Amino acid sequence: MNKVLSCRSLGKRYQEGKLALDVLSGVDLEVGKGEHLAIVGASGSGKSTLLHLLGGLDTPTAGTVEVLGRDLSKLSETERGKLRNESMGFVYQFHHLLPEFTALENVMMPLLIRRMDKGEAARRAAEMLERVGLGKRLEHKPGELSGGERQRAAIARALVTQPACLLADEPTGNLDAHTASQVFELMLELNRTLGTSLIIVTHDLELAGRTQRVLRLNEGRLAVSDTVSA
C-alpha cells in the first residue's frame, strides 16, 4: 500500500487531578493513496479526537502519527503547520467560512497563505468552485448561500491545495438527509477524480456504508466494522 497517513499504538489520555480518562488506546490505522473510509462510533467515543490527532491538530500521549512518511512527533509546530497546509485538508460540521468574504475569496485563502500570485489563486479557486457546482456563486457571501452550498464551498477550500488527504468531521451533520447525501457523493466523486484520500467521521451509518472501509471506534479502540448497523 502506498501510505498517505498512518498511526501506530496511538493513545490519548486526559488528566484532571488524580482522575485519568483514556479516550483512545492502541489505535492502529493505515490509509492508502486515493482510499476513502468512514469512522463511526457512539457520541463521545473519541472520533473527533482521533481525527485531530491524525491531522496534527492535537498531540497524542502515546504512539505515533505519520503523514507521507513523516513522523509528526519529530516535527516542530512550524513544520507541522507547513505539512498540514501542503498535504492535508479539513472539513467540519460547521463550514467556518469567513462571512465578510465571497465564496471565491474564501477558497482562495489557503493559496494566498502559500504566497501564491493572487491572479493564479483566483483562477484555481474558481476552477474548484466550478467542480463542486458553485461556478455561478463565486461572488456570493456565505450568508447568501444555502447550507449545502456553504458546505460545498468549504469542501472546495479544503481541496483547492490538492492535499494528499482530506479529513472530514461530521461534514453532513448540519444538513437535511437529501442535501447530506448530495454532499457526501460529491466528496466521493472528488476522491475518485482528484485521488485525494478521504477519512470521514460520521454518525450517519447509511452514508458510512458507501465508503470502501467502515471502522468502528469503541471504548477507545478502532476495529473493522462487520456491520454499519447501530
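Each Cβ is built from the backbone N, Cα and C atoms, and glycine gets one as well.
As annotated by Swiss-Prot, ATP binding site applies to GLY41, ALA42, SER43, GLY44, SER45, GLY46, LYS47, SER48, with the evidence given as sequence analysis. Listed in sequence order, the residues of the same chain lying 6 or more apart from GLY41 (ATP binding site) and placing their CB within less than 8 Å of its CB are LYS47, ARG216, LEU217, ASN218.
Residues or ranges marked as domain 'ABC transporter' in Swiss-Prot (evidence: sequence analysis): 5-230.
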Please compare the binding-site residues SER43, SER45, SER48 by how many other CB atoms fall within 10 Å of each one's CB, and tell me which has the fewest.
SER43
Cβ within 8 Å of the mean position of the Cβ atoms of GLY41, ALA42, SER43, GLY44, SER45, GLY46, LYS47, SER48: remaining residues of the chain near ATP:
LEU217
Within 10 Å of the Cβ of GLY46 (ATP binding site), how many other Cβ atoms can you find? Include all protein chains, please.
24
